[in-house]
Ligand SMILES: Cc1cc2nc3c(=O)[nH]c(=O)nc-3n(C[C@H](O)[C@H](O)[C@H](O)COP(=O)(O)O)c2cc1C
Ligand SMILES: CCCCC(=O)C(=O)O
């Protein structure tokens, strides 16, 4: 005897809903494979959209510290305007079926003419901090510079990304013996280039930070507690991650961050210090923060192997003239004597391509990856790198350039 159908035994059985697993193929429903952070990152189609995601994720004071610049932010808006005003002169009927944007930067192999710039206090932007940036750089195959005011030690960063090309950025401390010890730590951990930053004898006047009452590390005040309500994930991560202080400083300096900051910048630094660094640093020596042809030449004459044309992302002196316009002249003057990199204001693959066509060996980006970091930690940094890579490849193909050597000045018109 056969068993009667379920509905005959139970008149309500028919009303039972099919299980989701049975429905899915019918309705072509797929379980979402991405978590909310990955979805947010995947939705961003360029760095500006990562910036919008960063603004939603981080407290205002933190976002403004990254996004802002000095005084009226004229230097930053002018350099961005210069990149936007670039006109390309694409060449056609060239075989661009295989684009190869790889190169070497400061002696390090790089999959793109791009490196992640040194940025301070990176754990403030996201609790994963420099380790997230280093790991993403390692995966992307591009170099990363650790900052002297970083929140991860050179040793910890090296241990967490053993195969990354790492550079070390130096603020020469008042205490030169301790500065030398720091330089030796970087050397011993395989940091291959020393970026001596020269545009920060004192901090620039960043009015957004003053208005926001930004403290480093962020302190619990009425305002920050109010901010917790709107950015709970950031605060929970911050409160459960103990270390956010300066990681490079000697223990003897104690733990007072304000005193430390006072020791970490020396307004009396001169070209003699560059000559001294040349005697203690065997690797590639780079002067970062050059904004005139005179300083470009003098840096090289005093021992630099390379320079970074940079206005520090507009965060130091406002109203400086454009480092992008200076680039062709500097490249011409220095010839083969030094490698020339450039940074400040770069947020698009096309900016990178234009700078390389105008003679830069490569570029550094700061905010571009920090927006990714704030929006989604390591995966956000990775996303920023991937977006830039895709844009670089597309721009090169449409310009008729297969390799970075094909990026020549005739492809670009500076306004
Ligand atoms: C939040 C932040 C922190 C920075 N900290 C440092 C630093 O510690 N040392 C340094 O040499 N440059 C620092 N810079 C400057 C970057 O190295 C780089 O010159 C600049 O970010 C380039 O401009 P961009 O952000 O528009 O790409 C910082 C920049 C930002 C945005
Ligand atoms: C005084 C500035 C220290 C970090 C830094 O370089 C930056 O915020 O741009």
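Positions of Cβ are set from backbone N, Cα and C atoms, glycine also.
The active site, proton acceptor annotation in TrEMBL covers 312. Here TrEMBL flags 65, 171, 206, 312, 315 as glyoxylate binding site. Among the features that TrEMBL reports, FMN binding site is placed at 118, 119, 120, 147, 169, 197, 288, 310, 366, 367. Positions annotated as domain 'FMN hydroxy acid dehydrogenase' by TrEMBL: 39-415.
Annotated features taken from TrEMBL, shown on the structure.
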residue	record	DSSP (3 states)
65	glyoxylate binding site	helix
118	FMN binding site	coil
169	FMN binding site	strand
206	glyoxylate binding site	coil
288	FMN binding site	strand
312	active site, proton acceptor	helix
366	FMN binding site	coil
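Closeness to ligand 2 is met by 120, these being the binding-site residues among 65, 120, 171, 206 whose Cβ falls under 6 Å from the molecule. By the rule that a residue counts when its Cβ sits under 6 Å from some atom of ligand 1, the binding-site residues 120, 169, 171, 206 yield 120, 169. Among the binding-site residues 118, 366, the residue whose Cβ has the fewest other Cβ atoms within 10 Å is 366. Comparing Cβ neighbour counts within 10 Å across the recorded positions 206, 288, 312, 315, the minimum falls on 206. Annotated pair residue 120 (FMN binding site) and residue 65 (glyoxylate binding site), C-alpha to C-alpha distance, rounded: 11 Å. Here residue 206 (glyoxylate binding site) is positioned 21 angstrom away from residue 169 (FMN binding site), judged by their C-alpha atoms.
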